[in-house]
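What TrEMBL annotates here:
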type     : residues                                         : note
SIGNAL   : 1-23                                             : signal peptide
DISULFID : 45-248                                           : disulfide bond
BINDING  : 82-86, 126, 180, 229, 325-326, 342-344, 351, 373 : cyanocob(III)alamin binding site
DISULFID : 95-137                                           : disulfide bond
DOMAIN   : 295-371                                          : domain 'Transcobalamin-like C-terminal'
């Protein structure tokens, strides 16, 4: 597979499944985003497997899932079944492989003022970036005559891209990251395809690239889903596989990532166990002290707490491409329609890593909090 057809790693993982397994998958309870990744993976390889998309009506399945997201928004005050990142990924896949969608509906869905771009009042960079990629694909389809042109829709979509790019750039950090470590890869792709919407001086692409390479060398992208956000970008491509001549993207084929060798030696006085303060906050706060082996993750702490008191610290968890996530505590379930979830905090600060990835530290204050976004 050439560099011009690089895929998200998640897509490659799905692609490794044999066709009849994929057929079973399509009939299962996949989310819109998961099905979109499968479609992108099969389509980008430009082999006989691309035909599989059409023979097995993947686009039809995806169209139905996208419509289900929209119907859920109508019934639940604008909240989709999944989230707006998956919605954007679904529209992108339909656009790239010429599925059916309404440009007017897309223009309405991805208006920059939509509440689904925000989490606790903070603009979500990766969601906005995926919307830019999807909108750019739709815009190009209109310009190239692949879809019926509506000047009002085209103008609206272009305005949305402009506004979203401005919001993305407003989330730049001093070290070059955009949003956080894990949103930066998708943000870079969005900026690659929208260079006519900002000045060159507004973004130091090389600084962002250097910081991402440093993060990689420190082991930040061990999960396939996390690596998928940056792989395409580092090879100078986007999910649209355009803008090959972008100055930052050129010459990345021979980039070197410093190797990261974890220190396996144990300091003489290093404790084999650590102690943390763990709390569950709903309307009341329930706390305990937990001892776990050094190197344990947040989930290990929760499991130890559950052993101490199932009623107070009991929880359920589900697996996702980003690792496990908490679905309920004390029987109280997170709900997309109500925009509720279980927030993970360390010493009062919200974590960007998941419950199965965040490594806890001695004397740390950990909290699982019932929150609304």
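Using the three backbone atoms N, Cα and C, a Cβ is placed for every residue, glycine included.
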- Fewest neighbouring Cβ atoms within 10 Å among the binding-site residues 82, 86, 180 goes to 180
- Residue with minimal Cβ packing [other Cβ atoms within 10 Å] among the binding-site residues 84, 342, 373: 373
- One should report the C-alpha separation between residue 82 (cyanocob(III)alamin binding site) and residue 95 (disulfide bond), rounded to whole angstrom, as 20
- Including all protein chains shown, what's the count of other C-beta atoms within 10 A of the C-beta of residue 344 (cyanocob(III)alamin binding site)? 23
- Cβ-Cβ neighbours of residue 325 (cyanocob(III)alamin binding site) (radius 10 Å): 17
- Counts of helix, strand and coil residues, the domain 'Transcobalamin-like C-terminal' (295-371), according to DSSP: 15 helix, 34 strand, 28 coil
- Item | Rounded distance in angstrom between the Cα atoms of residue 86 (cyanocob(III)alamin binding site) and residue 95 (disulfide bond) | 14
- Let me know the model's mean pLDDT on the domain 'Transcobalamin-like C-terminal' (295-371). 95
- Task: According to DSSP, folded down to helix, strand and coil, what is residue 82 (cyanocob(III)alamin binding site)?
- Result: coil
- Roughly how many Å separate the Cα of residue 373 (cyanocob(III)alamin binding site) from that of residue 137 (disulfide bond), to the nearest whole number? 29
- Query: In angstrom units, rounded to an integer, how far apart are the Cα atoms of residue 325 (cyanocob(III)alamin binding site) and residue 95 (disulfide bond)?
  - Reply: 30
- Item | DSSP three-state assignment for residue 95 (disulfide bond) | helix
